[in-house]
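Student: The Fe cation binding site annotation in TrEMBL covers HIS172, HIS234, HIS305, HIS514.
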Amino acid sequence: MQYDYSKNKEEKPDPVKADVKGTLPAWLQGTLLRNGPGMFSVGETSYNHWFDGLALLHSFTFKDGDVFYRSKFLRGDTYKCNMEANRIVVSEMGTMAYPDPCKNIFSKAFTYLSHTIPDFTDNCGTNIIKYGEDYYATSETNYIRKIDHDTLETYEKVDYLKYIAVNLVTSHPHYGKDGSSYNMGTSIADKGKTRYSIFKIPPTAQDKKSPSLKDLEVICSVPCRSLLTPSYYHSFGMTDNYIIFIEQPFKLDILKMATAYFRGVNWASCLNFHSNDNTLIHLIDRKTHKPVPTKFITDALVVYHHVNAYEEDGHVVFDVIAYKDNSLYDMFYLANLQGGLDQPKKMGKLTSKPEYKRFVLPLHSDKGVDVGSDLVKLKSTTAAALKEKEGKLYCKPEILFEGVELPRINYDFNGKKHRYVYVTGVELSPVPTKIMKLDVETKQMVEWSEENCWPSEPVFIPAPNPLEEDDGVVLSVVVCPEPGKSSFLLVQDARSFGEIARASVDTDIHIDMHGVFVPQRT
């Protein structure tokens, strides 16, 4: 059956009790909170790209064996302005909004001028992040929106620029055991410099009434290797002692971006993949707050999602999902998705299948080592780091799996050596058709799939007092466009990967992007 990616969804702000089949663990209490685009046209105007759709939050709440569903559009400034005008008036990455033809010449001139240095959207439809005790809807701009994770109400807009000079920020932070959050963003031509800044947000602010962002601390700033073409990135890696940042040759052209509105093109067209450039891997020491002196490079690639990173016997190991080009973004233009999953010949195709790659960065010196030598001493991987010259290593990854995306692990193992990864399975279409559990030690996998079912990112929830890494459950929202079949939340035993329950909801659930599980407070 075909899923209509351009169809506007209806929100369900009041809790809807799901029909639960199977048995839920008694300890599973809390809310799975998800985010993704849900409205693609306003009035007679439409978005060009699926990522641009107005953010629709939805959640599944587990309470004493019952499951309750609700959804609500994020009421940001973007949403309100669009609704008031009954047309798209705020530009998104893949869709430029142009002046209303009825506006006078002075209003049009101001609109054009304001797009030279973009004031980005607050349509935060990519993920949910936690800073301190607060939850925020986020995309990758300098704006985030505080939300109520129970009611899905939208609260104040927060501008990163009030706390740190960053115009773009990732939607995938890391969290410390003490509740601290770590994230990174790009400062575009600030004081004549373009740089990447990694920052830490404490679990609580000194002033209890203020947001934790007020006490933000910059850990490290890394200069961009090209002033006017910073790298795009969606996530980064972190271990106990290091931060891993991939400066990839998928670059945003600032000059083209500044003139995009005048030229009648969207900002996404200013993102270009430079296949002849190498990829620079920055390894930053969390104690010294400086990059290590060794220069690590690899072939041109595009990475959206880091899986995990850890340290082992004098090496930093990190896993990513990598592409050979940037075709993934292009495939989500709505024109490329209209063929639908039941018409694969009409649907846009990826030219690069996603690969699960493992890189290894040796921490020991290469002095006295011959050019061409492999400095990786781990026997558990075929990944290599070949000396090109003094202080410069070419990193050759090991490919562990192909056709997988949206990786999640047991987050208790974040920054530690892990064994299991939960992913969605994709082929040359960007849309997941199955959920998989990967064993990175044995290279084996098990999968779940069902006809005419399109699952979302799987989220691992650990059991209380777990004995093993995979003690827990995996939750995934499954959309079923087939008439007469309800979409549902799938609950799997993480160890066996067998289905133990599903909570079906008689409503039109949307395909989402990312989210978090919020445990019930005890």
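Counting starts with 1 at the first residue shown.
Using the three backbone atoms N, Cα and C, a Cβ is placed for every residue, glycine included.
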Student: Given the recorded Fe cation site (HIS172, HIS234, HIS305, HIS514), which additional residues of the same chain have their Cβ within 8 Å of the Cβ centre, ordered by sequence?
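Tutor: Sorted by sequence, the hits are THR126, ASN127, THR170, SER171, SER235, TYR304, HIS306.
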Student: Take the Cβ of HIS305 (Fe cation binding site) and count every other Cβ within 10 Å, whichever protein chain it belongs to.
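Tutor: Around HIS305 (Fe cation binding site), other Cβ atoms within 10 Å: 21.
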Student: 10 Å Cβ neighbour count around HIS172 (Fe cation binding site)?
Tutor: 19
Student: Using a 10 Å cut-off on CB atoms, tell me which of the binding-site residues HIS234, HIS514 is the least crowded.
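Tutor: Counting other Cβ atoms within 10 Å of each of the binding-site residues HIS234, HIS514 gives the minimum at HIS234.
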